[in-house]
Structures are given as structure tokens and as C-alpha cells.
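A.B. asks: Structure below; questions to follow.
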Amino acid sequence: MGIKGLNAIISEHVPSAVRKSEIKNFFGRKVAIDASMSLYQFLIAVRQQDGVQLASESGETTSHLMGIFYRTLRMIDNGIKPCYVFDGKPPVLKSHELSKRSARRATTEEKLKEAVEEAEKLKHERRLVKVTPEHNEEAKKLLRLMGLPYVEAPCEAEAQCAELAKAGKVYAAASEDMDTLCYRTPFLLRHLTFSEAKKEPIHEINTEILLQGLELSIEQFIDLGIMLGCDYCDSIRGVGPVTALKLIKEHKTLENIVEYIESGQANNKWKVPENWPFKEARQLFLDPDVVKGSEVDLKWSEPQEQELVDFMCKEKGFNEERIRSGIKRLQKGLKTGVQGRLDGFFKVKPKNKEQLAAANAKAKSTKAGKQATKGKVGKPGRPRK
């Protein structure tokens with residue numbers, strides 16, 4: 001689910017923390033990718049023209065395999081070395097969120113039964129998409145045959161991605177879940193595994209600049225995330241992004257905020273959930289269950305060509321000519337290796353407050369200018385009234 005409203009806070013207060021780039025700008029980078037999130041995207045997006053998921057002759061879904069194969073090839077074509085990270089057992093504190101998701105699925109299943117229009121049916125079918133253990137195992141097999149490393153996290157994949165980035169094993173964590181920032185990844189990449197056809201730039205969020213711009217410690221940022229709403233507990237009812245940021249700046253900790261609300265001094269519309277486990281949620285972000293980065297050895301190797309063809313073509317029904325062509329791209333990309341980047345020879349100094357304020361003002365001005373220009377576009381040759 002991620003953290004509700006965090007994007008809006010970043011856009012409003014620290015736009016300079018986000019850099020929008022083309023995929024080619026990450027040449028030479030190793031990246032840890034949230035596999036479960038990626039597989040979910042592929043199962044929803046990789047479909048036939050009629051909107052139906054890709055499937056083998058035996059009826060097995062293959063959208064996830066096509067997504068992994070071709071989106072990974074695109075990364076390798078652009079000099080990126082990906083490592084996929086798979087979810088382990090969810091923490092007990094997440095059971096409430098998982099129960100809510102199950103309830104939503106049951107409601108969607110009922111709506112699907114009642115749907116008449118084909119478009120309505122497809123909409124509900126997409127909402128019912130779920131990554132199964134079988135999907136995960138097939139994805140792992142494909143990655144092994146492609147010669148690419150993957151890590152099985154003991155718990156949350158985003159936390160493990162962040163740990164690999166903190167340990168210097170990879171440059172960044174890649175996920176659509178904003179709560180990855182609460183696990184203290186130095187950099188978060190969003191939209192990395194999106195389709196090229198979407199023409200969506202990759203968003204690179206710099207955690208150091210983000211915290212500096214918000215003037216929050218990592219502990220306060222985590223408290224902000226919990227207050228906005230995360231997978232581990234409900235949020236404070238009636239408190240939105242603007243109010244949450246104001247409260248954390250004024251009161252510094254969730255303990256103080258809860259005391260302030262329950263003392264009767266605050267807005268009586270705000271309601272702290274009963275037995276709110278915010279301390280336990282905070283601890284899951286500060287000390288997640290992960291394999292230490294120093295213990296992980298990531299290796300990229302030659303693809304097993306014939307075994308890969310047997311799996312993808314003979315077993316799953318993909319076109320052999322296209323798969324072999326993809327294998328050649330894979331071999332070429334992996335032989336290139338991770339070349340040195342010019343910025344690797346320099347240490348970038350963090351911005352001071354004045355520089356950060358100027359960068360944020362420039363980012364806001366650019367955004368406002370684009371919106372104003374967009375609003376003034378009219379039909380050519382027709383005078384304005």
C-alpha cells in the first residue's frame with residue numbers, strides 16, 4: 001500500500017528531492033528491485049489486445065514471465081544490473097492490513113459476478129490480481145536461467161532492498177511503495193519497471209535531501225509515515241498530510257502527538273485508534289527483519305541458453321526466435337559489465353539550507369511554469385477572446 005499522501009508532501013515542500021531521469025542515466029548502476037511489486041504490475045499490465053492475461057496452451061498465466069524477461073532486458077540494454085528481492089513472511093503487525101485486503105477482494109468478486117459490460121468485468125478482474133507462490137517460484141526459475149541474482153527476504157522485500165542499498169551492494173532500491181524511504185534507503189527509484197510505451201520518466205528520490213528539506217530526523221519521518229497511514233497500523237482519523245506534517249514539526253514525536261490529542265487540547269474531530277500500535281510499527285521500520293547486506297553476495301553470470309529456451313518456449317509457449325534474440329541481448333549486456341561512472345570519482349556534498357531552499361524554489365517555479373503553459377495552449381490560428 002505504501003504511505004498515503006507522502007508524494008503530495010514531497011511535491012509541495014521538497015521537490016528538489018526528486019530527480020526525473022531517463023533509464024539511460026542509470027548506466028553502470030546496480031539496483032535492488034521489489035519483485036512482488038513488479039510481478040503485480042506485470043500481471044495487471046502485460047495482456048493481450050482484448051485485455052486478457054497471457055497464458056500458455058495449458059491455460060497457465062505467463063504475463064509475469066514476459067514482464068520479467070523483457071523489462072529486465074530493457075534494464076540490461078541500458079547498463080543496469082538488476083537484483084530482484086522477494087517477500088518473505090509478512091510481520092504479524094501486517095495481518096490487519098491483509099485482512100482488509102481480503103475483505104476488499106470478496107467485495108470485488110461479488111461486483112465481478114454482477115458486472116455485465118466487458119469493460120466493467122476487466123476492471124474488477126484487474127483488482128483481483130494476486131501474486132501467488134507459483135508466480136514467485138516461476139520468476140525465480142527464470143532469473144536463475146537468465147544468470148541474474150535474487151534475494152529471498154526473511155520478511156518485507158522493500159526493507160531488504162533498502163538494506164542492500166545502505167550496505168553499498170546496490171545503488172538504490174526500486175519500488176512503487178513509498179514506505180521504502182522509511183527503511184532508510186539512500187535512493188528510491190520509482191517507475192523503473194514500467195513499460196517503455198508509457199514514456200514515464202524514472203523518479204529518483206534522494207532520502208538525505210528529503211529529510212534535510214523537511215527538517216526532520218529519520219525517526220520523525222517514520223512517525224510522519226505512520227501518522228499518514230502505512231501497512232502496519234491505521235492512521236489518526238481526521239489528520240491529513242498537511243496537518244500530519246505540522247503536528248510532527250510542532251510536537252516532534254508520536255508519543256507527544258497522542259498525548260496532545262487525548263488531552264483535549266486538539267481538534268475534537270481527530271481520533272487516535274484504540275490500542276494504536278505505533279511504537280511497534282516504528283520499530284519495524286527502524287529494525288526490520290533482513291539479511292545483513294554484508295552477508296549477501298550478488299553475482300551476475302552467463303545465461304543458461306538451452307535451459308532458458310526449454311522453459312520459456314517448450315514449457316510456457318513463448319516464441320523461440322524472440323527468446324533467443326533476447327538471450328543475445330542479455331549476453332551482450334552482461335559482458336559489458338558495470339563500467340565506472342564519472343560521478344563515482346567525486347563525493348557530492350549535501351546542500352546547505354540556502355542552497356536547498358533555492359533548489360526547491362526553482363523546482364516549484366518550473367512546475368508552475370509548465371502548468372501555466374499547459375493551460376494556455378489553444379487551437380492554432382484562432383485569436384483569443
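Quick reminder: no glycine exception, Cβ is built from N, Cα and C everywhere.
I grabbed these lines from Swiss-Prot:
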- D34, D87, E156, E158: Mg(2+) 1 binding site (BINDING)
- R47, R71, E156, G229, D231: DNA binding site (BINDING)
- D177, D179, D231: Mg(2+) 2 binding site (BINDING)
- 356-370: compositional bias 'Low complexity' (COMPBIAS)
- 376-385: compositional bias 'Basic residues' (COMPBIAS)
- 1-105: region 'N-domain' (REGION)
- 120-251: region 'I-domain' (REGION)
- 338-346: region 'Interaction with PCNA' (REGION)
- 356-385: region 'Disordered' (REGION)
A.B. asks: Just give me the nearest neighbour of R71 (DNA binding site) among the binding-site residues D34, D177, D179, Cα to Cα.
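C.D. replies: Nearest listed residue in space: D34.
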A.B. asks: Filter the binding-site residues D177, D179, D231 down to those whose C-alpha lies within 10 angstroms of the C-alpha of E158 (Mg(2+) 1 binding site); answer none if the list is empty.
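C.D. replies: Of D177, D179, D231, within range: D177, D179.
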A.B. asks: Specify all same-chain residues, apart from the site residues D34, D87, E156, E158, whose Cβ lies within 8 angstroms of the center of the Cβ atoms of the Mg(2+) 1 site, ordered by sequence.
C.D. replies: S36, M37, V85, A153, A157, A159, Q160, C161, S175, D177, T180
A.B. asks: Given the binding-site residues E158, D231, and counting only Cβ atoms in the protein chains shown, which has the most within 10 Å of its Cβ?
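C.D. replies: Neighbour-count leader: E158.
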A.B. asks: So among the binding-site residues D34, D87, D177, D179, who's got the most Cβ atoms within 10 Å?
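C.D. replies: It comes out as D34.
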A.B. asks: I need the CA-to-CA distance for D179 (Mg(2+) 2 binding site) versus D87 (Mg(2+) 1 binding site), whole Å please.
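C.D. replies: Between the Cα atoms of D179 (Mg(2+) 2 binding site) and D87 (Mg(2+) 1 binding site), the distance comes to 15 Å.
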A.B. asks: Return the count of C-beta atoms lying within 10 angstroms of the C-beta of E156 (Mg(2+) 1 binding site), excluding that atom itself.
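C.D. replies: Total other Cβ atoms inside 10 Å, all chains included: 29.
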A.B. asks: Pull the DSSP breakdown for the region 'I-domain' (120-251) and write it out as helix, strand, coil residue counts.
C.D. replies: 71 helix, 18 strand, 43 coil
